[in-house]
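The domain 'Sphingolipid delta4-desaturase N-terminal' annotation in TrEMBL covers 5-43. Residues or ranges marked as transmembrane segment in TrEMBL: 43-61, 67-91, 103-124, 150-172, 184-204, 210-230.
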Amino acid sequence: MGQHVSRSDFEWSYTAEPHATRRKEILKKHPEIKNLFGNDPNLKWWVLCLVTFQFVSLFVIRDFPWMWVLLLSYCIGGTINHSLMLAIHEISHNLAFGHSRPLANRVLGIFANLPITLPFSVAFKGYHLEHHKYQGDEKLDTDIPTNLEATLFCTTLGKMIWMFFQPLFYALRPIITYPKQPTLLEFINTTIQLSFNFFVFYYFGGKCLVYLSAGSLLAMGLHPVAGHFISEHYMFERGFETYSYYGPLNYLTFNVGYHNEHHDFPYIPGCRLPKVKEIAPEFYDDLPQHKSWVKVIYDFISDPAIGPYARIKRKHVGKED
């Protein structure tokens, strides 16, 4: 089973999350950062290219042996689907068409969702924006593992299993711990997605549906790009709850590695987040940061000081139940 984690509870904080305060300080010193606000006009074209690539790949994948289907699903299909997930993350902040066109953003998100096979685009928006507004809140921030997860997966082997099945925990945790009434757009998202899944299965066969769905699951677990799930908010240094990564995998993930910058300025698109650090390096250079998402995954699994409990939590405040 391996070593048992050294923590038996989360790190409880009784101060506000740091990003709102730092945002005010940065804007006071560097008001020109406001010029970076706005949408990314290229985001919709990136989404179109990635979805098109996945659709065209089905014509090739359907004739491959199963071993190659699974290998390509992990190496290529999963990586692209993970990029689409992070495009949906950008879209959830209305960064494709701007805040004046929310429906256009939702439609693009549903389109980007298609190769992923699990309908989540519309529901993700509500939960994710609360993660920003109430970071660490024991109820409203569903990015934080549950006590049951942290208790069950508290050894080296347990953490490896938890990492492998992380997409399932990530998807089911909000539904179980903080369920919300489904909206009409969520029903539309689900209907379109299930129809697309049936279309792929009927016209291209089971291999192609597995290529897409397995890629989504594998690329959110023990996969290099999935390191960002751990690197973003797991406490590798005590007292620090958000970490940035400035390495090359940002090119595949819409700069989600610039995570301190993203939480400080969630309405600046990923393509312009490096500019935030360039303008205000004195606010970011001395913060703890990660150099490798692969090393993050390795350290998370092997280091007994890190595990599902290594998160900063706050008592539930700020919103009526």
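Using N, Cα and C of the backbone, Cβ positions are placed for all residues, glycine too.
TrEMBL labels come from automatic prediction, so no person has curated them.
Note that this is a predicted model, so its numbers are computed, not measured.
With a cut-off of 8 Å on Cβ pairs spaced 6 or more residues apart, the transmembrane segment (150-172) and the transmembrane segment (67-91) reach fewer than 3 such pairs and are scored as not touching. Across the candidate stretches 67-91, 103-124, 184-204, the maximum count of CB pairs under 8 A to the transmembrane segment (210-230) is reached by 67-91.
For the domain 'Sphingolipid delta4-desaturase N-terminal' (5-43), the number of residues in each DSSP class (helix H, G, I; strand E, B; coil) is 18 helix, 2 strand, 19 coil.
Summed and averaged per residue, pLDDT over the domain 'Sphingolipid delta4-desaturase N-terminal' (5-43) gives 96.
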